[in-house]
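Q: Before we start, here is the structure in question, set down as structure tokens.
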Amino acid sequence: MTGTGTVANQAATVDPGAPLLLFDSGVGGLSVLRKVRAVLPEAPVIYVADNAGLPYGAKTEAQIAARVSGLLGRLTERLAPRLVCIACNTASTIALASVREVLEVPIVGTVPAIKPAAALTRTGVIGLLGTEATIRQAYVDRLEAEFAADKHLLRHGAPELVAAAEAKLRGERVDPAVYARAAAALRAMPGGDRIDTVVLACTHFPLVEDELREAFGPEVRFVDGSDGIARRIAHLTQGQAWRRTEPDLALFTRGGEDVDRLGPALAAHGLGRIGIF
Ligand code: DGL
């Protein structure tokens, strides 16, 4: 995922206090952070949510690429992370290559887990839920051609699920019809009644996986990339020392009541401080 020279050579030179930086448009990246915590509990983390730009899924490719590279440039300069994880499928499928070209820090992206889904499906019909921007990406076409050419991949853009995940983490009640609509949309496509595996191709969606399971029924399995990302980060930081000197930080690009309401969910993910970037 990144060409960074030998891991062992770098281990000696990394500042133990240098954080991992996880980046998303909102709280979606917390689904990745959970898995990173499980393999690297001692790693200091700065979680950045570009909530002033949320939702990315409704933006153009040019808007997303400009926003993500500009922000990540400023963030890495100011925060000096040892590694950046773009914990967002929309940003990764659009801007990963260009961000890697300009930043010197190792970058791990998040892309739709089509490969594991293709290995799991028995019916050969896979559903994919992502943002509207993600599902139209050539990056997704390439993953489909490489790993699921002999399968049937049905894509659905579900911006409502992003809003639902954000609301859930603010402690608000979400109408279950939102989840039912996402399931019904995939089921209504030709062959949709045979879907047995659904790729959660937006990091917000594992945060509402229980609700989606309820909507799709018990025979459907959900796949996302977060386990693989956590393993990749552990591999790239192998042998490095970690020192956390203060509670981990969540940074937002815009403050306000919505951010205040996220406090308990952020604390539950080990993010004890909140700031505005
Ligand atoms: N969490 C982001 C993803 O994985 C997208 C949410 C948004 O539309 O901003 O694609």
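Our numbering is plain: 1 for the first residue shown, then up by one each step along the chain.
Including glycine, each Cβ sits where the backbone N, Cα and C put it.
Heads up, TrEMBL stuff is auto-annotated, nobody curated it.
Annotation comment: TrEMBL describes CYS88, CYS202 as active site, proton donor/acceptor. The annotation substrate binding site is assigned in TrEMBL to ASP24, SER25, TYR56, GLY57, ASN89, THR90, THR203, HIS204.
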Q: Within 8 Å of the Cβ centroid of the substrate site residues ASP24, SER25, TYR56, GLY57, ASN89, THR90, THR203, HIS204, which other residues of the same chain have their Cβ?
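A: The answer, listed by sequence position, is GLY26, GLY28, PRO55, CYS88, ALA91, THR131, THR134, VAL162, CYS202.
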Q: Which residues of the same chain, at least 6 positions away in sequence, have a Cβ lying under 8 Å from the Cβ of GLY57 (substrate binding site)?
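A: Sequence-distant Cβ neighbours: THR90, GLY130, THR131, GLU132, ALA133, THR134, GLY157, PRO159, VAL162, CYS202.
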Q: Between the Cα atoms of CYS88 (active site, proton donor/acceptor) and ASP24 (substrate binding site), find the distance and write it as a whole number of Å.
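A: Rounded to a whole number, the Cα-Cα distance is 5 Å.
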Q: Ten-angstrom check, please: count other Cβ atoms within 10 Å of the Cβ of CYS202 (active site, proton donor/acceptor), all chains counted.
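A: That number is 34.
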Q: Looking only at Cβ atoms, how many others are within 10 Å of the one on THR90 (substrate binding site)?
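A: A count of 32.
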Q: On the three-state reduction of DSSP, what should I expect for CYS202 (active site, proton donor/acceptor)?
A: coil
Q: May I ask which residues of the same chain, at least 6 positions away in sequence, place their Cβ under 8 angstroms from the Cβ of ASN89 (substrate binding site)?
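A: Listed in sequence order, they are THR110, VAL111, PRO112, GLY130, THR131, THR134, ALA201, CYS202, THR203.
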Q: SER25, TYR56, THR203, HIS204: which of these binding-site residues has the sparsest Cβ neighbourhood within 10 Å?
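A: The binding-site residues SER25, TYR56, THR203, HIS204 were compared, and TYR56 has the fewest Cβ atoms within 10 Å.
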Q: Given a separation of at least six residues and a C-beta threshold under 8 Å, show me what packs close to ASP24 (substrate binding site) in the same chain.
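A: Long-range Cβ contacts: VAL32, VAL48, ALA49, ASP50, ILE86, ALA87, CYS88, ALA91, THR203.
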Q: Looking only at DSSP and grouping its letters into three states, which state does CYS88 (active site, proton donor/acceptor) belong to?
A: coil
